[in-house]
Amino acid sequence: MAKLYFYYSTMNAGKSTTLLQSAYNYNERNMNTLVYTAAIDDRFGAGRVTSRIGISQQAKLFNRESNLFEEIKRHLASEKLHCILIDEAQFLTKQQVYQLSDVVDLLNIPVLCYGLRTDFQAELFEGSQYLLAWADQLEELKTICHCGRKANFVLRLNERGDVVKDGEQIQIGGNERYLSVCRFHFKQKTGKLHN
């Protein structure tokens, strides 16, 4: 029985690396996968899932208007699919998460989603919110803060390295823009720590 999975974390926990390893494992056994990534994130070139450790793979793009169920159903007409993998799943809409649940429930294909849980203000992304609510299986991928504690928050930095507290939820960037930290250091750096 297929399931909808959500692998979530803060930045730099290895989400894309884990996705690429999963795709490789399926392909090594002559099983077909379909990999998607968000069109909005073109840091490494449009249509590529790229890991910080240097591995990458071509991927189909999704944007807010994509009907993932219909795209995947059309693809099935030409090729059997054994798994769907979604990178940057935080950028999915509520409707797209529902569409992916239909891929699982109606097409019986497992869907593995990888994404951030929260943004730089510790608020859920739309895609993450509904994956946390509707996924059959949740798994947190862990990374560490500079102090050694588990990092489960992310700070947004400006060009000078100062913490940014306000702004648009979505701003594409990597290590130069974001820093994964523990809850204590998130509160401390954003001025939300009680004295």
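From the backbone N, Cα and C atoms, a Cβ is placed for every residue, glycine too.
Per Swiss-Prot, the feature ATP binding site maps to S9, T10, M11, N12, A13, G14, K15, S16, D87, E88, A89, Q90; the stated evidence is sequence analysis. Annotation source Swiss-Prot lists active site, proton acceptor at E88. Under the heading Zn(2+) binding site, Swiss-Prot lists C145, C147, C182, H185.
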List only the single closest residue to the residue listed as 'active site, proton acceptor', chosen from the binding-site residues K15, C147, C182 by CA-CA distance. K15
One should report the C-alpha separation between C147 (Zn(2+) binding site) and A13 (ATP binding site), rounded to whole angstrom, as 16
Look up S9 (ATP binding site) in the DSSP assignment and reduce it to helix, strand or coil. strand
Using CB atoms and a 10 A radius, I'd like the single residue among the recorded positions E88, C145, C147, H185 with the highest neighbour count. E88
What whole-number Å value do you get for the CA-CA distance of C145 (Zn(2+) binding site) and A13 (ATP binding site)? 11
Excluding its own, the Cβ atoms lying within 10 Å of the Cβ of C182 (Zn(2+) binding site) add up to 19
Those same-chain residues, other than C145, C147, C182, H185, found with Cβ within 8 Å of the centroid of the Zn(2+)-site Cβ atoms are I144, H146, G148, R149, A151, V181, R183, F184, F186
Neighbouring CB atoms within 10 angstroms of the CB of S9 (ATP binding site), all protein chains considered, total 23
